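Visitor: Here TrEMBL flags 262-397 as domain 'Guanylate cyclase'. Annotation source TrEMBL lists transmembrane segment at 39-55, 61-80, 101-120, 126-144, 151-170, 190-215.
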Amino acid sequence: MQFIDKLKSVYLFDQAMPANTRKLLKEEEMHGALMANRFRYIAGIAFLMSAIANLSNTFSIFGFLTNFGALFAYFTNTLIHGRILKSDHAKWKLKYEYISIFIDNTLIAITILNWYLIVGKGNPNFLIKNTLIFYFLIPLAFTLIQFRISLVLNTLIYFLFYYFLFFFYAQFKGGTTGLDWYEYVLGEEVIFADALVTKPVLFSFVSLSVAYGIYRSYVMLIRIGKAEAQKTSLARYFSPDLVEEITSKPDSIQTGRRQKVTVLFSDIRDFTHFSEEMDTSALSEFLTDYRRRMTKAVFDQSGTLDKFVGDAVMATFGTPTPSEEAGHDSKNAVASAKQMFVELGKFNEERRLRGETEIRIGIGIHSGDVFAGNIGTEDRMEYTVIGDTVNTASRIESACKTLNAILLISSDVWKEIGEPHDFTKTNEVRLAGKEKSVELYSWTPS
């Protein structure tokens, strides 16, 4: 049962693919079917030239009619298949591929039977010793172009059916068997064991190798698709360098963990009043430009963009992997905050030139332990951090309004960045939801 289940999983592998990947694959299969149809004409011309070249070896009108009748059927099948592929009949496009494979293999079997009747001299061994047996590889080649495992397996089944039909017919009709390889290769005998095993095994090996090659291509396609989708998703949160690092070590974000992180919150002052004066299009354009500049400031300092909430920005430093150097993540967070003000200055300069109102922002930074990892449902997962450190950073940012500050950091952050002189200690502040007052430091631009 395990073998059957595995076989079914390979045979129906495309059904397990994501819908968009399956759609792209179907489009490529259809393109492959059209290309295979064109190759069929090339192969048909080669068959026709071979038939003409061997006219002198066609010893009866029956043989002549059979050969050229098979060619006519081949070209007719090719023409019908091509018309169906270019039509809007989706169901028939799929069905006729299997019909076409059956017709191709049957025509090859008829041709082999025809040559046996013409030149076989009554020796049924001719059916399995005929080199036309290798023509069964041609439909297999077409299935490779079409890139569908089920067509490959169908071709293998048809070959095995016709080959063993010929083999057992030869045995039933008294075909001569022996152990002489000379007679087997150049004479009228067959070595029973070799005829029974070698060609079927070789053809099966080639067919299954082709099928497995297609399967491996499917797997590679899905892995590449998932990797690119993951990179696209991660690029929303992480800088390009971090995206490359994370995709090479996916476990760094797959499993949640407690770790030390520096959290930055930024907010536009009086945004509600400011936004009420703008129409929807102008507001969307404003937020897009503003967020782009803030994102650059975060990514330039190796930060992670956790989320945007309206005009608010939440960024983390030390995710997904904290820096090995003590205080480095807090230094990056403060550097990012200062760069935000540089970007804001450029933004306001452009707004002044357009006669628009300047905007002001407040930033709060705190460092501490958080839970970091993927959070959400199977349908919607996002990488984020949660914990008291996040809440504290948000409330420090809110304190900018009451303290009339543009950048506030906690005492923990101030110590981690080396107690710089451009930060001044404020009066102790009691943050919302906190029982004790906290020490904050305000940045004064030089």
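Cβ atoms are placed via backbone N, Cα and C, with glycine included.
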Visitor: Could you break down the residues of the domain 'Guanylate cyclase' (262-397) into DSSP helix, strand and coil, giving a count for each?
Guide: 63 helix, 41 strand, 32 coil
Visitor: By Cβ distance under 8 Å, which residues at least 6 away from the ends of the transmembrane segment (126-144) in the same chain are close to it?
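Guide: The answer is 36, 39-40, 43, 101, 104-105, 108, 111-113, 115-116, 119-120, 151-152, 154-156, 158-159, 162-163, 166-167, 169-170, 190, 195, 199, 203, 206-207, 210, 213-214.
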Visitor: Restricting to the same chain and to residues at least six past its boundaries, which positions have a Cβ under 8 Å from a Cβ of the transmembrane segment (151-170)?
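Guide: Beyond its ends, the transmembrane segment (151-170) has Cβ neighbours at 11, 97-98, 101-102, 105-106, 108-109, 112, 124-125, 127-128, 133, 136, 139-140, 143-144, 190, 195-196, 199-200, 203-204, 207-208, 210-211, 214.
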